[in-house]
Structures are given as structure tokens and as C-alpha cells.
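Chemist: Below is one structure. I have some questions about it.
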Number of protein chains: 2
Amino acid sequence: MTVSIHPAVDGGVKKGSDSFAGGTLVCACQDRPVKVAIKGQIAYNHACGCTKCWKPTGATFSVVAVAPVGNVTVLENGDKLKVVDPSALIQRYACIGCGVHMHGPVEREHAFQGLSFVHPERFQEEGWAEPGFAAFVSSIIESGTDPSEMDGVRGRLKELGLEPYDCLSPGLMDYMATWVAKKNGVLK
Amino acid sequence: MTVSIHPAVDGGVKKGSDSFAGGTLVCACQDRPVKVAIKGQIAYNHACGCTKCWKPTGATFSVVAVAPVGNVTVLENGDKLKVVDPSALIQRYACIGCGVHMHGPVEREHAFQGLSFVHPERFQEEGWAEPGFAAFVSSIIESGTDPSEMDGVRGRLKELGLEPYDCLSPGLMDYMATWVAKKNGVLK
């Protein structure tokens, strides 16, 4: 039995295109879909097992990336967007019709301030940068995955080239620690 | 240049003994040292890069393990012990003379409740279970390690057989997630 990670990667991770210059994210509503323009390529695309990221029905992981807040523009039907949890670091704007999270800016003082979290599978266009790792893998247990399945899940992620981590990737963890060290005056 | 992790592992990780039945932790004071008895072998010994664990002078990582709270007994000079940060999950009892953390029970409702965190290098005896991985590696940046040194640090940890993680090991992360899932009724 093959472990299902997410429909966008289960058949193999599809390489992005160097010429991708952005596109339009569209929610799942038939009527008055929310549309959000993203300028330029996305960064740090990854599979995420956390309980807060939006996932399509049946998916164990979300696929989520970032774009600078300045590159994100709500184009249509923005009146349908509402922040899921205003107390969270990521202000996830979800469509009140279909539930898809359309963009998630970090507004608080944080290493990720100024970035917005988006789900590239909602692009109308192809060519967005492929996911490069898997984050918060152990957290899928909190959504109901049986702990006995975890070896299979981590094995499948490695097979797909999505190195599994139970927090973020080492590069991003170092980036956050560096931000904290500078803020505290430990590093110049 | 060899990266220094901790004096107890820099020369190679020394295997523990199956017959180790516990021992006595002693602080660094010449006068009236604090002594704490630990019954039985320690578990989950690991190198830890977090900023809260006690480290000997010059060490980049701490070496820390757990024992059930019921196996921990303060034997002598317990009047010198004081909790470093009463708001922290781990109630780290430090010697007010030398600063060594002698035991750290988890009293709050948590996956680790009932365990106490101890530093096995303070055992008078040899034979304690060797460290098996490295946790919170990226956090050493917050204590002043330059981000450019991280590749060398992670490489050295792997060389020593201490797989580096930026949170806890997958087994412990799954254990914590399982505890949360059961608490929330997601798992039975």
C-alpha cells in the first residue's frame, strides 16, 4: 500500500519552471471564486503536516510556500475572505465559501514578517517551484494518522525527495535562530 | 579544526553499560556539594543545543537525559537548590553555588509529566547510557554560534553518531504528538 501524502506529489514531485513569473490563485467555489494574484516565483515550497495549514480533502499534508507580502494582491471577491485564527502567527485568509486558505501574511515581529503563506496547488498556471522538503511531519498524528504509520510516511517522503523534519528545514531553523540572536544582540 | 560539541563526546561517544543501576549526581561545589541519587539507568540521553539546558563552560551543547521523578532523590545540601525559571515546562533545580542544574522535573500536564531531566556527566559513576542524538541544534545560534559554522557542527554530530535535529528526535516528536492526539480525543 502506498502512503498518500498529497495529490500534488503522490505521483512524483513535478519540477517547477525557471520561467514561472507568478500567476493567479483561485479558490474552489463555483460561484464568485476568490482570486489572488502572486507576482514572481514562490519560495520555500514544502509539504507541511501541521494542523493549521489548509489541506485538500483526504490529503495528509498541505503543500505551502511563501511569497513577499508585496507580491500578493487580492483580485476578485475579497469580501469572501476571513482570517481563520487572528491570534496565530500566520493570518490565514480563508474563503468563507469553500474553506480554501488563499493567503497568509505574517504581520507580527518575527523572522517571517513580510512573507505570506500560499498554497501553490491553487494556481491556475503551472510551473510553480516544486516542494523541497516536508515540515512538521510528526504533527499529522494530531490530525489522526496512527503512530504506527509514521515509518511508512517518513519512508515515502524520502522516496519522493521530500526530506522529513518535525519542525522546519535546517536552513529555515537556522534562519529563525539567527533572527532571534540578532534581535537579542547575541549576533551583530 | 574540529568542532567542539561537549567534553563528554568530543573524544568519541562512550558506550554505556547494561549493568548501570543508577548513581549519584554531584554538583561542582568544593564546599557542601549538592548530591542527588538516581535509581536505575537514564533514558533518552542526548546532546541538546537549547539555550535553557545547563552546559559546562565552553561547551556548545548540553548532555541531558531523563529519569522517572520517582527515581530521583536529593541526598545532600538540597537547601542550595533553586528553580531557575518557575514558568518553564522543566523545573530546573540549579545549585546556587556553582550553577549546575541537578534535576528538572516536569510537573505540568504534558507528555513528559513525571520525568526529570538530569545531566549524566555529573554522575560520580561511569556506565550511564550514552547520548543517542542531538536536539535543538539550530538553537546554538541563539547562544552565539555563527550561522556559518552550522554545516560543520551538523557534520561533526553525524560523525559522532549523534543525528542532528532542530527539535527532538522523530520518536520523541511522535510520542508528544500521540499524547496530544489522545488528549484531544483524536486517537483512542
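Glycine is no exception: its Cβ is also placed from the backbone N, Cα and C atoms.
As annotated in TrEMBL:
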type	residues	note
DOMAIN	B:20-166	domain 'CENP-V/GFA'
BINDING	B:Cys27, B:Cys29, B:Cys95, B:Cys98	Zn(2+) 1 binding site
BINDING	B:Cys48, B:Cys50, B:Cys53	Zn(2+) 2 binding site
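Could you give the neighbours, burial and distances for every feature on this list?
Modeler: Over the domain 'CENP-V/GFA' (B:20-166), the average per-residue pLDDT in this prediction is 97.
Look at B:Cys29 (Zn(2+) 1 binding site): DSSP puts it in coil.
A 10 Å cutoff on Cβ-Cβ distances gives B:Cys53 (Zn(2+) 2 binding site) a total of 22 other Cβ atoms nearby, all chains included.
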Chemist: Please list, in sequence order, every residue of the chain apart from B:Cys27, B:Cys29, B:Cys95, B:Cys98 whose Cβ lies within 8 Å of the Cβ centroid of the Zn(2+) 1 site.
Modeler: B:Ala28, B:Pro33, B:Val34, B:Lys80, B:Ile96, B:Gly97, B:Gly99, B:Val100, B:Met102
Chemist: Counting only residues 6+ away in sequence within the same chain, which have a CB under 8 Å from the CB of B:Cys29 (Zn(2+) 1 binding site)?
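Modeler: Correct list: B:Lys80, B:Cys95, B:Gly97, B:Cys98.
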Chemist: Measuring Cα to Cα, how many angstrom lie between B:Cys50 (Zn(2+) 2 binding site) and B:Cys27 (Zn(2+) 1 binding site)?
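Modeler: Their Cα atoms are separated by 21 Å.
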Chemist: Among the binding-site residues B:Cys27, B:Cys48, B:Cys50, which residue has the fewest other Cβ atoms within 10 Å of its own Cβ?
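Modeler: Across B:Cys27, B:Cys48, B:Cys50, these binding-site residues, the one with fewest Cβ atoms within 10 Å is B:Cys50.
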